[in-house]
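Working notes, beginning with the structure itself.
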Amino acid sequence: MDLFLQTLLNGLLIGGVIATFTIAFQLAFGVLHVIDFAVGGWVVLGGYLGYYITAWLGLDGFIAIPMAFVLFGTLGYLIGPVLYNVRNSRTARPELMALALSFGLFTLLRGGMLTAWGFNTRNVTTTLSGESLAIGPITVPLIRVVAAVFAAAIAGGLFLFLYRTRYGLAIRATAENRHNAALMGVNIGRLSANVYGLYAGITAMAGVLMGAIYSVNPEVGLRYTLFAFFVAVLAGLGSVEGALVAALLLGVIEAFVSTYVGASYSLLAIFTTLFLVLLISPRGILRRGL
Amino acid sequence: MALLPTNPQWRGLVLLAIIIVVLGVLPWTVNNYWLRIATGALMWAGLACSWNMLGGYAGYINFGQSAFFGLGAYVTAFLMGDPFGLPFSATIPVGMVVTALFAVIIGAPTLRLRGAYFAIATWAFAEVLIQFASAMDFTGGIGGIGLPPYLNERFFYFAMFGTAALAYFLTWALFERSRFGLKVKALRDHEPAAEAMGINTALVKLQTFVLSAVTASVFGAIFAYWVTFINPKSVFGGDITDQMVVMVLLGGLGTLWGPAIGGVALFVVNRLIWMYWGDTAFYIAILGTAIVLVVLFLPNGIAGLFARRKNNALDRVLDKLVGSGEGGHP
């Protein structure tokens, strides 16, 4: 029973961190209508920033969180318009071309990081690394708890921004109906660039947390892209609220399969679930997808 | 006096005949090292063609084509192995049937939705197969399976050549010269309109997908027998799909010869990089850069440069080389 509770808690904590970037991913899809393969690349970039902050500057890994947001948010802000232009270009198949572009971006990031940093695995160290927290019979690594708190703060901030500000209203309106939003005076092109920047920044912040909990190397980007897709399919593409539930579910599934079946089966279980959902209920378990 | 006919169709036929003759005599003119490279180039040209059937003509991006390539390879390796010991030629039809079955299972529900769901589903399927093949015993796990070696480079060259030629012929006959091709192009260009014309778009898409998957599986089977050893990464790996996507985008989406041009060009670059640097990570970065640049600056691919215009670049080059039949120069 203790193992069960501990696994559940671990899964929920990891799921919380996954939720931050999958929510942003859904938001970017809702506005740009591109499923961004590069999502895993942004996570890994954030993780590496965290690593270099601790390894070179000797600072605590958590300092990297705001830096990741600024740095990769800016980078995303610069890339966003390119993606937007391709998606809305007059070429024969804009949806396909935009998908190919994000795929190319992901491949470029992965190849560039492998060339620059090799296949070695790096850790983001913080003052909390190695500490653990005991709640009754259950022990969880303290870093996971703190990371989940950070993740909750980031997600909470994002929801406040989306639901309590005029700009957030514009973003939601665009995601709901781009044409009508444009008629109401929203500059869709600029808003898309901003949303992509916001998404890249949040994803990189989650990457720092992921690097602190696990470790980071260029090949794990694929895994996080898979997580984002899994959540997107379970929640229905573009559904921001569903992403939170689906991400927690993903964390729990992964934790239980790792604990009770074996870590090498966790990806197989996730893929199979994703696949079955696509076959049985393609618009997501909540049937909210676009 | 022109060496090549001026009529573009005859000109194309003459070029095709020259290419077939050159490829036909190649195994007796080069050494085994270059023959292997030529075999690989033909395989990639054919794989790019298989991806282009769905990606180019129907407009659905398949990010898991390596799954079908790997299924063909694994079925052949499995059936030629110990308990069965079937001959190579008998394993290919089994691989095709298995592949077609999986293609229907994946395609039937997801091809009805937006392209994004299909892209995710195919991508996830390929990753499932990697994980599955790595975890199971009958597939040899991460270590993979060996096949009985057959050391006849010319056999594999002609097997790849024949399959690739068949793939291109099928593409030409089905997508360029038949009602089926018109249906596929119609649903790509405007799906609701195609449906309104009475086209069963779901069925047409599924047929195209199955054809594309089965073609890839045949290449996988030949590849497995050729390299005599396969493991999950070497036949299911995402890099295989990456390469196909880049080849088709580079050559020209939805064109008959684009995949051949892109496939051969990229494969040669791949071998050159491998020879001089031996660094695979660098190659991944180059693939990514190539995709981004092609999408941004060359959306119609290399074949788009030679599109059938009155005086296109290819014709101009040919005219310079062999002289034009049309007047002007006395």
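Placement of Cβ uses the backbone N, Cα and C atoms for every residue, glycine included.
Record features (TrEMBL):
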TRANSMEM  A:12-32  transmembrane segment
TRANSMEM  A:39-57  transmembrane segment
TRANSMEM  A:63-84  transmembrane segment
TRANSMEM  A:96-118  transmembrane segment
TRANSMEM  A:138-163  transmembrane segment
TRANSMEM  A:193-214  transmembrane segment
TRANSMEM  A:226-253  transmembrane segment
TRANSMEM  A:260-280  transmembrane segment
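Of the Cβ pairs linking the transmembrane segment (A:96-118) with the transmembrane segment (A:193-214) and spaced 6 or more residues apart, fewer than 3 are under 8 Å, so the two regions do not touch. Outside the transmembrane segment (A:12-32), and at least 6 residues removed from its termini, the chain residues within Cβ reach (under 8 Å) are 39, 42-43, 80, 83-84, 87, 98, 140, 144-145, 147-148, 151-152, 154-155, 158, 162, 171, 174-175, 178, 191-192, 195-196, 198-199, 202-203, 205-207, 209-210, 213, 224, 227-228, 231-232, 235, 237-240, 242-244, 246-252, 254-255, 290. Listed by sequence, the residues of this chain that lie at least six past the ends of the transmembrane segment (A:193-214) yet keep a Cβ under 8 A from its Cβ atoms are 14, 17-18, 20-21, 23-25, 27-28, 31-32, 36, 39, 42-51, 61-62, 64-66, 68-81, 83-84, 122-126, 129, 141, 143-144, 147, 150-151, 154, 158, 171, 220, 224.
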